[in-house]
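Features reported for this protein in Swiss-Prot:
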BINDING   H68, D101, E164  Zn(2+) 1 binding site
ACT_SITE  D70  active site
BINDING   D101, E136, H350  Zn(2+) 2 binding site
ACT_SITE  E135  active site, proton acceptor
Amino acid sequence: MPDTPTLTLAKDLLSRQSVTPEDAGCQELMIKRLKALGFTIEIMVFEDTTNFWARRGTEAPLFTFAGHTDVVPTGSLTQWNTDPFEPTIIDGMLYARGAADMKGSLACMIVAVERFISEHPEHKGSLSFLITSDEEGPFINGTTRVVDTLKERNEIIDMCIVGEPSSTQYVGDVVKNGRRGSLTGNLTVKGIQGHVAYPHIARNPIHQSMAALLELTMTEWDLGNAYFPPTSFQIPNMNSGTGASNVIPGTAEIMFNFRFSTESTVEGLQQRVIELLDKHNLEYDLDWIINGLPFLTDTGDLLTAVVDAVATVNQQKPELLTTGGTSDGRFIAQMGSQVIELGPVNATIHKVNECVKVDDLEKLTDMYQEVLNNLLA
């Protein structure tokens, strides 16, 4: 049995070693298909990152498929059962780096749009693609830069599906209609270095910071809401000391991270942290990194269209969740866009032997096409 159009394109994309921020010709392959459909292509290169914006139509609403062609490194090749860049089907599963995250989705998007335009050449509104090779990297020169460019010329995305692997057990069982925000703090508590035998003429920043850190970990930041769990505070990194057993360190460095709901704000969290540190009379420096703001699409045409499309294909409505890490959807949501994530099962993403069910790719293609039918036919 010959490969389907979706599987053929997926294999072609997966055979290209596009480890972030490399694209390895994936975007060129997609652009060729989109040009044939009448899309206008705008390639946007920012430093080491290749992006493209493709649009068909000039009317509202503007619907966008967003995704990335880059993949994470393979890890140890000896741990893979197959070559990660030679897509291989075993027992109905397609194995390759990027199969689930997210070249499989890209193939589904392209084929769904080809089918939709074939059936509805004079469709309503506008179709577009926002594709980057920087999602798995530092996310500095990718989607966020394209969004800035679009905003500068007032080209605003109304609705967007991000092809991130949202599903858990089977394709479409979960769609993400929002994501938590991420805020990182880099705290340096200052002490006075000295000999451990003379603590009275030194000041131990580890000891000084312990009460404040404990209080930070015990604080209830908010209660969450119907869509988000309560905001969480975690300390992923701590560093202090010289390595010697007889030296009180001069500084203690603590990195902490909030994953926060729409019930909290960056400014509110920052203010509460500063007040707590000051209450404990710490001498410190504190730098902040806003990794992303929370977003939520709890109503609107896109949510309805996606839920109905999944129900049509699966005979069951999806669960709406906001769990997991951040995605490029956070940048697009800043435009005021409705944003939904719908993609393959995420059980093997970033792991060795990453894979996706071949049948799931066909179902996902049908879901994407049905969304377009619901919105723009």
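Note: Cβ is positioned from N, Cα and C throughout, glycine not excepted.
Candidate recorded positions: E135, E136, H350. Nearest to H68 (Zn(2+) 1 binding site) by Cα distance: E135. Of all the binding-site residues listed here (H68, H350), the one with the fewest other CB atoms within 10 A of its own CB is H350.
All protein chains included, E136 (Zn(2+) 2 binding site) registers 22 other Cβ atoms within 10 Å of its own Cβ. Secondary structure from DSSP puts E135 (active site, proton acceptor) in coil.
Cβ neighbours within 10 Å of E135 (active site, proton acceptor), excluding its own Cβ and spanning all shown chains: 25.
In the three-state DSSP reading, H350 (Zn(2+) 2 binding site) counts as coil. In this view, E164 (Zn(2+) 1 binding site) is surrounded by 27 other Cβ atoms within 10 Å of its Cβ, with every protein chain counted. Report note: the Zn(2+) 1 site is defined by H68, D101, E164, and the residues of the same chain whose CB lies within 8 Å of the CB centroid of those residues, excluding them, are G67, M102, S105, E135, E136, V162, G163, P165, S327, G343, I349. The distance from the Cα of E164 (Zn(2+) 1 binding site) to the Cα of E135 (active site, proton acceptor) comes to 10 Å.
Of the recorded residues, D70 (active site) and H350 (Zn(2+) 2 binding site) place their C-alpha atoms 12 Å from one another. Less than 8 angstroms from the CB of D101 (Zn(2+) 1 binding site) sit V71, V72, E164, P165, P344, N346, I349, H350, E354, each of them six or more residues away in the same chain. Excluding D101, E136, H350 themselves, the residues of that chain whose CB lies within 8 A of the CB mean position for the Zn(2+) 2 site are, in sequence, V71, V72, G98, M102, I349. Here the Cβ of the residue listed as 'active site' has 25 other Cβ atoms within 10 Å, regardless of which shown protein chain they belong to.
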